[in-house]
Amino acid sequence: MRCLIVCENLEMLNLSLAKTYKDYFKIGAAVTAKDLEGVHRDILLKHFNSLTPENAMKFENIHPEEQRYNFEEVARIKEFAIKNDMKLRGHTFVWHNQTPGWVFLDKNGEEASKELVIERLREHIKTLCERYKDVVYAWDVVNEAVEDKTEKLLRESNWRKIIGDDYIKIAFEIAREYAGDAKLFYNDYNNEMPYKLEKTYKVLKELLERGTPIDGIGIQAHWNIWDKNLVSNLKKAIEVYASLGLEIHITELDISVFEFEDKRTDLFEPTPEMLELQAKVYEDVFAVFREYKDVITSVTLWGISDRHTWKDNFPVKGRKDWPLLFDVNGKPKEALYRILRF
């Protein structure tokens, strides 16, 4: 039996995720420019056909000062994508985090007017859409706007404070003017959980009824191996969002070996039990993705290998995590074999 499993896994080393799922959905990875070389480059070329700049397109990185853009890292990612017949997901225009303070201040250092902030947002969106229209197939227009710590529907942010609740609608309308054929997405975390699903549905339904040009919703999918309700919650969320006529992207998938509340720091590598549970969760959620392939058109992993993941040091400083399909050496984990085998 062991020989059969080993031989089967060796055979699967020749398989490509992107090619295996070509009749289902795009397979993407979040990347930095450093990922375009070495073992990560090899993994990208073999397994992925969609790239998301992990941080390079976020407002504070690409537009740190009013009269200065920083296109260097995205240029490298774009060049790599075009050369290798890949597409980009643009991430993100409007977010309460990683937006430089100048966006919300006037020339005197006072709070900017609604009109000035909208004007700046328009210029920012126009510049990025026109620069990347040949390679971006979807934009995360607004990110994480739904409140999840109180009973309020919308999160407090400088965007909302200055522009008002219509800032989401305005952002999508501006993006629609300049984004060409690219699809426009609202992106959020935990939006498959019942408490946030209900709120998100209300927000999106109201926006759509008012003619807001939203094409789809991004389910970030920062999950862990211990959630027993994940599959049932995910199916319900997909059906609810699809009922609004929305396309669905899985935008930031990783599966932590720790519960969010788990503060342990004693592990220097994942246990065999953790890796088996992780493989099973990946297997289960990809089965759901395939089941709903009519509405799910892209699945993106938030990273390439466990060598580099945003889950390191979060939510516990100094702790390593192992949430992706390839280990710290870039070798396939059992989770990869499980989602190739169907």
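Numbers here mean position along the shown chain, with the first residue as 1.
Glycine is treated like the rest: Cβ placed from N, Cα and C.
As written in Swiss-Prot, here are the features:
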DOMAIN    11-342  domain 'GH10'
ACT_SITE  GLU144  active site, proton donor
ACT_SITE  GLU252  active site, nucleophile
Message: Distance check, please: Cα of GLU144 (active site, proton donor) against Cα of GLU252 (active site, nucleophile), rounded to an integer number of angstrom.
response: 13
Field: Taken over the domain 'GH10' (11-342), the model's mean pLDDT
entry: 97
- request: Name, in the order they occur in the sequence, the residues of the same chain whose CB lies under 8 A from the CB of GLU252 (active site, nucleophile) and which sit 6 or more residues away.
  value: ALA30, TYR189, GLY218, GLN220, ALA221, HIS222, THR300, TRP302
Surrounding CB atoms that lie within 10 Å of the CB of GLU144 (active site, proton donor), all protein chains: 21
